[in-house]
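In what follows, a structure is listed as structure tokens, so that the remarks can point back to it.
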Amino acid sequence: MNSEVKIKLLIVDDHQMIIDGIKSLLRKEKQFEFIAEANSGEEALELLQNHRPDILITDISMPGMSGNELIKALKSADPEMKILVVSMHNDPEIIADIVMLEAEGYILKNTGRKELTAALEKIADGSTFYSEEVLLSLMKRQKKEFRKDLEVAQLSNREIEIIRLIALEYSNEKIAEELFISKRTVETHRKNINQKTNIKTVVGLIKFAIRNELVSI
């Protein structure tokens, strides 16, 4: 991203202390511009009539309209709206709901400036950012039953394992090291996965794993 272009942010949280804390963490990061803040989902929707942020940062546990409801409304009205969830919840069921709503990122409120900055920059560049702690929690999500649809049946055990590692944001090099295979072999597996699932993004692969109950202990 052009360093001269500011990343415009709108923050939504029912606790003003959290809003002030995020602004304080990013005060020295000159690439960000705070254009508005809201203490509820309803207020955020009103602000969005006159403000267009590059990224909307939101909590999920709020009175009135929840963060989940806000994300659903925003994505329905504008699928291109980029959303970063900043939450105290590390519950895999809650995280899974956010993934299914296709939010671009999810980090915890105990995060530091470095991770918050990295999340915002990656999302602004068109990528996604689910913190390692959040992804690990999601990947340990317990399942009551196991189901395979046609797409999963077409995937090899190796491809399923690679999907899990991709979801944990492993690079091709790291996947190769983890599975004791070559980088070229990993690249081939990823191309096969893309062709079989027609999925190109990390969030899409996480959603695929959840839908087909591949994330289990």
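The backbone N, Cα and C atoms fix where each Cβ goes, and this holds for glycine too.
Given the structure is predicted, the values throughout are model-derived calculations rather than measurements.
TrEMBL has this to say about the protein:
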| type | residues | note |
| --- | --- | --- |
| DOMAIN | 8-124 | domain 'Response regulatory' |
| DOMAIN | 148-213 | domain 'HTH luxR-type' |
| MOD_RES | Asp59 | 4-aspartylphosphate |
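When averaged over the domain 'Response regulatory' (8-124), pLDDT in the model lands at 95. Across the range of the domain 'Response regulatory' (8-124), the DSSP-based residue counts are 49 helix, 25 strand, 43 coil. Every protein chain considered, the tally of other Cβ atoms within 10 Å of the Cβ of the residue listed as '4-aspartylphosphate' stands at 23. Secondary structure of the domain 'HTH luxR-type' (148-213) per DSSP (helix as H, G, I; strand as E, B; remaining residues coil): 48 helix, 0 strand, 18 coil.
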